[in-house]
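The ATP binding site annotation in Swiss-Prot covers 167, 224, 225, 226, 227, 228, 229, 230, 231, 520. What Swiss-Prot records for 138-208 is domain 'FISNA', and it gives sequence analysis as the kind of evidence. Residues or ranges marked as S-palmitoyl cysteine by Swiss-Prot: 128, 836, 837, 843, 957. The feature phosphoserine is assigned by Swiss-Prot to 5, 159, 199, 263, 293, 332, 727, 805 (among others), with similarity to another entry given as support. Taken from Swiss-Prot, the feature phosphotyrosine covers 13, 138, 166, 860 (among others). Annotated region 'Required for binding to phosphatidylinositol 4-phosphate (PtdIns4P)' per Swiss-Prot: 129-132, in sequence order, evidence recorded as similarity to another entry. What Swiss-Prot records for 855-875 is repeat 'LRR 5'. The repeat 'LRR 7' annotation in Swiss-Prot covers 912-932, and the record cites similarity to another entry as its basis. Annotated motif 'KFERQ-like motif 2' per Swiss-Prot: 603-607, in sequence order. Annotation source Swiss-Prot lists motif 'KFERQ-like motif 3' at 797-801.
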């Protein structure tokens, strides 16, 4: 009889796996340790493979011996000991000479067809080798083309190594919302880095499905604000693929397409496009396109296409050899009319998302959020070759909160670094670095002029009016690419533009020599704002007019600009107006007039003030700008006198804050507002406390409104997860002493820190402060601020509720707090010290508080390593008749049955205790038996007992039944996450049916119960409707 082959044997083992185990096997196979020297199997081939196919793939990729070893290892990993033992005994005898290594021939480029046996595989080896040769040639070309980038201010011939300069960007999978489609530059300080948590995404998983049952992703859209790093990320993807670091087994070819270049070229075919990417004029186009599923087209800058994708354009191209207009060619690829099986990666600004969305079928949207705080630091250290300079520059920017926030945008980070380096090289102080967008751009422009010398500066001043009018014309007409005729229309010549190229004001397109653009959209907005400020001298009289030949919209009347603000499609005017406010700052105006030898209008200041006055008094701002946007404009100016005049017109302020920048901006404006009577602030991600639904009152979670007496201003009571820092809190806390209506303050999830807490404590001790409830969870506090908190506790009788959870106070910090808690004037009723790094050492101090503080009724000290000894110390004082504690939380405190005797003594003697939380402590059946003694005592008044996840088994059934039968006070019992078993639960149901059982709520979540027990529970619920039974069956 012929021996069974290894492949058949392996397939036979895999057939023993149920569907769930087979999925686990594939998952472990995908994550098989690379150090074991095995070749990974492409996910696309593996996910649809059945038992036989999977066995074939494993052997074809790694040979029989390694495949068998992999299977044995994975059987153990998925807890199939039966198969593991059987496979070890049944292991074939290997012949090293016959070990299959054929799969290594095409290791760089995986075969996409199913493997159909060794004979078919051998017949394709020669084809695979040829394909590999073409791939190698093209990869080398891509490496050469993309290994370096040219810095924006680089001299001729200078470039920067992309791998050395590139800093990782934050990528998240999100569906674009209306807010995300607003003008991209408004995302400065508004990204969701400090908002709700998001699912980050790795580049290698871009085209992988979120669920293994779903089809692979074929279209990915990178969206992000201008300057956020879309293009450099696209180039990095090209380089990593060429280096074999990315998509190695997924794509044979990646083609980089500049959307704006393609749309401006003469009609070309897809074949022409590939030829333009190839290192020589004769690429194997037919062979490349014969497998479109192995091709990725990377389209950079969809939003920069000229006139493409209008709704009325229906012309498409389905022939890869047919020459068509560039926009039609790209449209056909995107709409999957041409090469429908090819994959696409498209980068775009948010403003073009709506237009793009209608063309795509099930795309994956990935948002580029820019740099995290850690990556900003990394970027500084990569930009500055000198580590001391990098450290000094980063420290300076980090101290400047608003500018540090703006640096999450890579372009702004580059501008800041460039400006700082320029100052360092000239030996000037870095203290002049400003904190507004306008100041950054003015400083950068100044740096450019200084680096070019006096003659260039004089030329720039002469051509500045034309440059500004060109920018404004482009803004009004939504135009970013200009031809030479556009330059001439605004008094500019081609020779003038070459000077701007050197100064980095303009960027000449590499392959589109007849077209010019500002190097970045924000530069265009900046110069457009200057257009409304510049005055011209004409026969001794100062006039303000637009260049000859420009449209009527280009008159210099700023009223026209402001009237259209908010109405203009896509919000292109938003940043122009912000820059306008920043440029009319008097010091900045004087600086620009001197530096650029120009005359700047003072009339614009009055027009801006009138505009703010009208908007401030409007009953409801149905259109842009919102009040917060007006505040951003005022903040950009940085003139307190002007801001005070403007804010004097606000009778009511209603704004929603979500970022650090929002807080800084609003704080700057609100502190200069002396007439506002009502302030309503909305915040993101407010969440109620787990245990006390009533403690929040009736205020809505998303907005709290406070009315303040003139002339002082305060803030809303709810500031959860708003990235507050001490700079914002000073303005907030100063109002606590005068606002009589503010009684609740929630500062949870803010980087308050000990310095901010000290500022808050000063305000809380003021006689005029009426704060009663204060929540400070996760505020970065340590023992260093506990003395200040203790002083508040000993001086303020108004404070009745304090939450300090998730702060590393430690035992020493609690000892300091206890000094205040024991003070006669302390009136605190509720205290949370959950997860505060406490041990049994602090329990003696807390015990003294329990016996001396008669107001404290609720103490939550769970998630701390108190241990049995610590709780025993607490219990000694809780037996004191003077102890008024009603609720005690000891969740996950490292307790065992050893502390249950002490707890039983408390239950027998303390009739005040009504709630006891013992969740996630290994009390066991013995612990419950000891507690049962106290619960059956006639003096026990406990109403709520939480024993979730306390290691109880069916042996506790008798004690639980006894408690339910005889305890007359217990109303709520949580037994979830315990292994009670079906029989015990059915027994409890019978007890609960009795008339003498007064329990109102029973929780049995996460129990392994059968269907019969489930029906018994449902029947109990119907028979006794006053009893609530919560059960979540785990199978």
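For all residues, glycine too, the Cβ spot is worked out from N, Cα and C.
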Distance from residue 263 (phosphoserine) back to residue 837 (S-palmitoyl cysteine), taken between C-alpha atoms, in Å: 62
Helix, strand and coil residues within the repeat 'LRR 5' (855-875) as assigned by DSSP: 9 helix, 4 strand, 8 coil
Long-range environment of the motif 'KFERQ-like motif 2' (603-607) - Cβ separation under 8 angstroms, sequence gap at least 6: 532-533, 558-559, 562, 580, 584, 642
Segment confidence, the region 'Required for binding to phosphatidylinositol 4-phosphate (PtdIns4P)' (129-132), expressed as mean pLDDT: 46
Around the Cβ of residue 860 (phosphotyrosine), the count of other Cβ atoms that are within 10 Å: 22
Count of other CB atoms lying within 10 Å of the CB belonging to residue 138 (phosphotyrosine): 22
Pairwise CA distance, residue 5 (phosphoserine) versus residue 227 (ATP binding site), rounded so that it is a whole Å: 59
Shortest C-alpha distance to residue 836 (S-palmitoyl cysteine) - which of the recorded positions 225, 332, 805: 805
Nearest recorded site to residue 227 (ATP binding site) by CA-CA distance, among recorded positions 166, 263, 293, 957: 166
Cβ neighbour count (within 10 Å, all chains shown) around residue 231 (ATP binding site): 15
Residue distribution over DSSP helix, strand and coil in the motif 'KFERQ-like motif 2' (603-607): 5 helix, 0 strand, 0 coil
Residue 843 (S-palmitoyl cysteine) to residue 293 (phosphoserine) - Cα separation in whole Å: 66
Spatial neighbours of residue 13 (phosphotyrosine) that are distant in sequence (at least 6 apart) but have CB under 8 A: 71, 75, 83, 86, 87
Cβ packing number for residue 166 (phosphotyrosine), 10 Å threshold: 20
For residue 167 (ATP binding site): DSSP state (helix, strand, coil): coil
Which same-chain residues, if any, lie at least 6 apart from residue 167 (ATP binding site) yet have Cβ under 8 Å of it: 371, 375, 378, 379, 382, 410
Neighbour tally for residue 263 (phosphoserine), based on other Cβ positions within 10 Å of its Cβ: 22
